[in-house]
Amino acid sequence: MNALLTNPFKERLRKGEVQIGLWLSSTTSYMAEIAATSGYDWLLIDGEHAPNTIQDLYHQLQAVAPYASQPVIRPVEGSKSLIKQVLDIGAQTLLIPMVDTADQARQVVSATRYPPYGERGVGASVARAARWGRIENYMAQVNDSLCLLVQVESKTALDNLDEILDVEGIDGVFIGPADLSASLGYPDNAGHPEVQRIIETSIRRIRAAGKAAGFLAVAPDMAQQCLAWGANFVAVGVDTMLYSDALDQRLAMFKSGKNGPRIKGSY
């Protein structure tokens, strides 16, 4: 395989290694590069809740490329046309939100594969992914380097988890705590004991099926708990939340009546 197509993030998942990540919601290549120099194993570049365009995602991929931190792109949804664009700009690992059924999971897999294995549109000669046609036999090699992660974040998805885990081409399943807790009737309360129980059992089911299990935890104790349950790709913070907390803490040192960071929700 061409060295440009190697995917260290996927290789480490296959080995069952734990990888610690950071969520990037700031939408700038400058902030992405700062994060990449910190040494996180992976960086989630968010196109679902952060206002990133395809060009924004592209520039952030360029910014982190020289560093060891591995980029993961989350598009706003899992449509075939959007997945095609994100792959063409050079993303190798995708996190697809709101996957509720095995059929949805199969459609997402198909969108990432070239024919005859899927429906990805052919345009590598004009795309960064193939270095504008300079990677020989790109189409024959790329499937092995792509890593596909799907988010389970609703009661419906939980009911269908075993079927989703059976879909060939899914490398890992990410538990979305904020949407999941809301779907279960505990909005903005991912720490509720029932939600915690479901998160634990889901992580254990994912790992038992031979897939990687992922999670985002903005509280360090929750991140440690998920790691103890077996999650092996865990994001331990969000750049914008860490930035705003740091600003509040610094201001509190010099302004009377300021008590440090305000509560900003579970995500």
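The backbone N, Cα and C atoms fix where each Cβ goes, glycine too.
Cβ-based neighbour count (10 Å, all protein chains) for His49 (active site, proton acceptor) stands at 14. The feature active site, proton acceptor is assigned by Swiss-Prot to His49.
Within 10 Å of the Cβ of Arg74 (site 'Transition state stabilizer') there are 27 other Cβ atoms, across all protein chains. Taken from Swiss-Prot, the feature site 'Transition state stabilizer' covers Arg74, and the record attributes it to sequence analysis.
Look at Swiss-Prot and you will find Asp88 tagged as site 'Increases basicity of active site His'. Cβ environment of Asp88 (site 'Increases basicity of active site His'): Gly123, Ala124, Ala127, Arg128, Ala129 lie under 8 Å away, each six or more residues apart in the same chain.
In this structure, Gln151 (substrate binding site) is part of a beta strand by DSSP. Cβ contacts within 10 Å of Gln151 (substrate binding site), excluding its own Cβ and spanning all protein chains shown: 23. Annotation source Swiss-Prot lists substrate binding site at Gln151, Ala178, Asp179.
Around the Cβ of Asp179 (substrate binding site), 19 further Cβ atoms fall within 10 Å across all displayed protein chains. For the recorded site, Asp179 (substrate binding site), the DSSP three-state label reads helix. The annotation Mg(2+) binding site is assigned in Swiss-Prot to Glu153, Asp179 on the grounds of sequence analysis.
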Three-class DSSP secondary structure - Asp88 (site 'Increases basicity of active site His'): helix
C-beta crowding around Glu153 (Mg(2+) binding site), within 10 angstroms: 22
Secondary structure of His49 (active site, proton acceptor) (DSSP, helix/strand/coil): coil
